[in-house]
Amino acid sequence: MSHQTAGGPDGGAGRRLPVCPRHPDRPSFIQCQRCGRPACPECQRPAAVGIHCLDCAAGRGPDGTGTAGSGQPSTDPWGVPSSGPTDAARPPYGQGQLIVPPSTGRPGRTVVRRQSGQPWVTWTMIGLCVAMYALQWVTSGQRIGITEQFFYAGLHTSSEAMEPWRMLTSAFLHSLGNPLHIVLNLYTLWLMGRMLEPVLGWRRFLALYLLSAFGGSVAVLLLSNPYVPVVGASGAVYGLFAALFIVMRRTGGNVTGIAALIGVNLVISFLPGANISWQGHVGGLVTGAACAAVVAYLPRGHRGPGLPARLDQRAATVQWLLLAGILVVLAALTVFGILRLTDATLIEYWLDM
């Protein structure tokens with residue numbers, strides 16, 4: 001997912017940019033998961049295991065004959081002969097490679113791993129939000145409908161009540177009085193998800209989404225009036241904003257557009273009378289940035305020919321441990337917020353309303 005434009009075959013310091021074998025005039029930093037050769041967008045074919053080139057998708061080897069993935073020698077993006085991965089050595093689904101182009105003559109770095117296919121987590125989240133919105137309408141005439149059962153306010157995690165699951169369920173509800181609320185949120189989720197989910201992999205993307213939603217609710221607990229309920233996927237969406245900014249910056253892309261988008265939306269969040277929970281937006285943004293930094297920046301290192309698979313697994317383990325650490329921090333902040341909302345504090349908030 002690199003937005004750096006290659007001006008020619010030379011990548012600097014005598015290094016040639018990797019080019020598609022079928023289209024030598026097209027630099028490409030996406031590798032075929034089977035043979036390791038670059039593949040331009042026209043030659044990329046989605047597969048259960050990452051991106052495949054046309055030859056491997058057709059069952060041919062890199063030379064156009066034989067069986068793809070048979071372990072025959074191939075060439076890495078920099079023209080260095082290496083052994084092609086065998087079926088047994090291939091990474092699992094969701095672990096193709098996104099290579100950062102060299103800006104100083106150094107080999108590209110594997111920043112995140114890339115999967116292919118439909119962004120199923122994105123579609124699932126959209127489907128859940130639509131289903132919940134329909135249930136909200138169906139039960140809107142009841143004394144306690146779906147909205148009342150699952151929205152979140154700080155009061156629901158206080159000395160008066162203990163329903164912490166609302167910190168996540170509220171992210172799947174939207175305002176019945178403003179249909180534009182769900183339309184904008186789900187449209188943005190679709191835009192961000194189809195870019196991020198293939199890059200991060202569905203597991204990391206799901207973790208990013210849920211942690212960002214949780215982070216937004218934690219900020220609501222700490223910074224908002226505990227009697228004011230909130231609904232919406234905005235916290236999770238702001239987490240995706242931050243993640244896209246981090247990933248694009250890490251891969252050398254132009255972040256001006258996404259930075260402006262984040263800035264404009266934050267300004268709107270703080271407008272008086274907008275009836276928008278800026279706390280949830282900021283909480284989701286910060287949490288999403290932390291999650292994306294874990295995936296994009298840690299652990300550091302360079303990828304070279306013959307990198308042992310166990311190192312990749314070790315890197316993935318470190319990433320998941322750090323994501324778990326973010327969850328622990330959010331849980332600790334939740335406990336702090338719960339302890340802070342004593343009966344006396346709740347009375348003060350009530351009198352100030």
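Glycine residues also receive a Cβ, built from the backbone N, Cα and C atoms like all the rest.
Automated prediction, rather than curation, is the source of TrEMBL annotations.
Residues annotated as domain 'Peptidase S54 rhomboid' in TrEMBL: 163-296. Here TrEMBL flags 1-22, 62-113 as region 'Disordered'. Residues annotated as transmembrane segment in TrEMBL: 120-138, 171-193, 205-224, 230-248, 255-274, 280-299, 320-341.
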Averaged pLDDT, computed only over the residues in the domain 'Peptidase S54 rhomboid' (163-296):
94
Sort the residues of the domain 'Peptidase S54 rhomboid' (163-296) into helix, strand and coil with DSSP and give the three counts.
101 helix, 1 strand, 32 coil
